[in-house]
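*Asks:* Following this message is one structure expressed as structure tokens.
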Amino acid sequence: MVRIKPIMLGAAAALLPSTLALPRHNIENINIRRGPDGVGSNVDRAQAVIEAFRFSWEGYYKYAFPHDELHPVTNTFSDSRNAWGASAVDALSTALIMGQRDIVNQIISYVPTINFTTTATEVSLFETTIRYLGGLVSGYDFLSGPLAHLADDKKNVDALLTQAQNLANTLSYAFDTPTGIPHNTLFLSTRSTDTDPNGLATTGTLVMEWTRLADLTGNKTYADLVQKAESYLLTPKPASNEPFPGLVGTNISPETGLFLDASGGWTGGTDSFYEYLIKMYIYSPAQFAQYRDRWILAADSTIQYLTSHPVTRPDLTFVAMYRNTTLRLVSQHLACFDGGNFILGGQVLGNQSYIDYGLELVEGCRQTYQATATGIGPEIFAWDEAEVPDDQGSFFNRSGFYITNPTYDLRPEVLESYYYAYRATGDIKYKDWAWEAFVHINETARVGSGFSSVDDVNVVGGSGHGDFMESFWFAEVLKYAYLIQTAGDEEWQVDGKGDGWVFNTEAHPFRVRSS
């Protein structure tokens, strides 16, 4: 889930007619208490999330579509993700799951018009894969399967797969290196790339999307490209760049295939490599047993070597970062997916110790929300008692961490882990925690015609907003907030027990191969 703040490009208003005008609901008051059955009104909560989705879509469609992102404060737009309509493609799988037929058809009617060979921006192979390729493939899986009734024109469904192929074909030259490890930054107009090393996550978070495309199209080349690149991560060299078994460095040379450092963790830049190891095993256990084994190795080392308890709150569990074998007592909102990943892995492997550890991590990330003035967790936090800022001493003593970057950039990871915790345990508290988080986000990040980043989560009201609605707001935050509140018997709901679907790191669900 590498997230690098995109460069803002030209802004202008795309004033298109909107048919989605909805009143803003006072969702803060919807079903805070549970009903007499102990379950609570799932319908009320789910409908509140749908309202937030439709409100966000209305603002985007009116002021930004078909550009990449809405600027909700100024009602303008930007094209930081290749100018191909990132928010629309990222929103598709969520609109499908929510049954929003009108929005589904607005998106799939647009997709055939995208020219994936032309862009004025540099292209991130990683971000383009998880958002665009993932969104198209997931949309096709749904609309050629259980949600086919939501498409008004089957030709638009077929176009999802055709356009996914067109996109992959455009990107494929990135893998033309001495090792097959791709470069991440592409310049399509000259069919060139950067010359920088690639990263662990940006290399290791392509395999699910391209493998699924290969299976859907019958073109094995798509899978061969990404699996060859992944092979260098599964058998890392040199040995010195694997400071703990299964835990590796961050940067890799596309020319030699060698790791260039021994720093890492479960944070941005490395995170989704570990996430995909167990998810690829779910996708096809027979083919990806080696991925499972590497996940187990990394999970065991994480528990043994990276587990950390703040001195002021030893009841909390965090995962430290590392530089060689030296721990760094710092983490990120991005890393809070780790609890959910451990829970999912424990469910799949029938290992309760992984589930229990994952639940501990969920509790730790829950605290980063509970402790702040807005009820939302910060972008970066730490718990090194030797580095506590002078003005956060009492906060550290009370909360077990201190804040080093106070922003909230519409991140989904805490909600994501609540989702997996609820699916594994059935404990209603995780639904309540997710609702509580959603209420606080709605209260603080909702601004103008959509939602935007918050400047300081530890100031009541957030101390101001950015002017940028991330496409993953549609794909991830609203999807997890919705899924955890719904009835739970839909086939795409996952719990690690013979699942027919697996979610990519952008929360786009794919059918597993056996399905």
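Glycine is treated like the rest: Cβ placed from N, Cα and C.
Because the structure is a prediction, the values reported are computed rather than measured.
According to TrEMBL, the signal peptide annotation covers 1-21. As annotated by TrEMBL, active site, proton donor applies to E127, E379. Here TrEMBL flags D271, E413 as active site. Marked as disulfide bond by TrEMBL: C336-C365. Feature annotation from TrEMBL assigns Ca(2+) binding site to T505.
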*Asks:* Here's one to test understanding: among the recorded positions D271, C336, E413, whose C-alpha is closest in space to the C-alpha of E127 (active site, proton donor)?
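*Replies:* Result: the closest of the recorded positions to E127 (active site, proton donor) is D271.
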*Asks:* Using C-alpha atoms only, work out the spacing between D271 (active site) and E379 (active site, proton donor) and round it to an integer in Å.
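*Replies:* That comes out at 15 Å between the alpha carbons.
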*Asks:* For a quick check of understanding: among the active-site residues E127, D271, E379, E413, which residue's Cβ has the most other Cβ atoms within 10 Å?
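*Replies:* Result for the most crowded candidate: D271.
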*Asks:* Would you kindly give the Cα-Cα distance separating E413 (active site) and E379 (active site, proton donor), rounded to the nearest Å?
*Replies:* 11
*Asks:* Express the distance between the Cα positions of E413 (active site) and C365 (disulfide bond) as a whole number of Å.
*Replies:* 9
*Asks:* Name the residue among the disulfide-bonded residues C336, C365 whose Cβ has the smallest number of other Cβ atoms within 10 Å.
*Replies:* C365
*Asks:* Taking the Cβ of T505 (Ca(2+) binding site) as the centre, count every other Cβ atom within 10 Å, in any protein chain shown.
*Replies:* 27
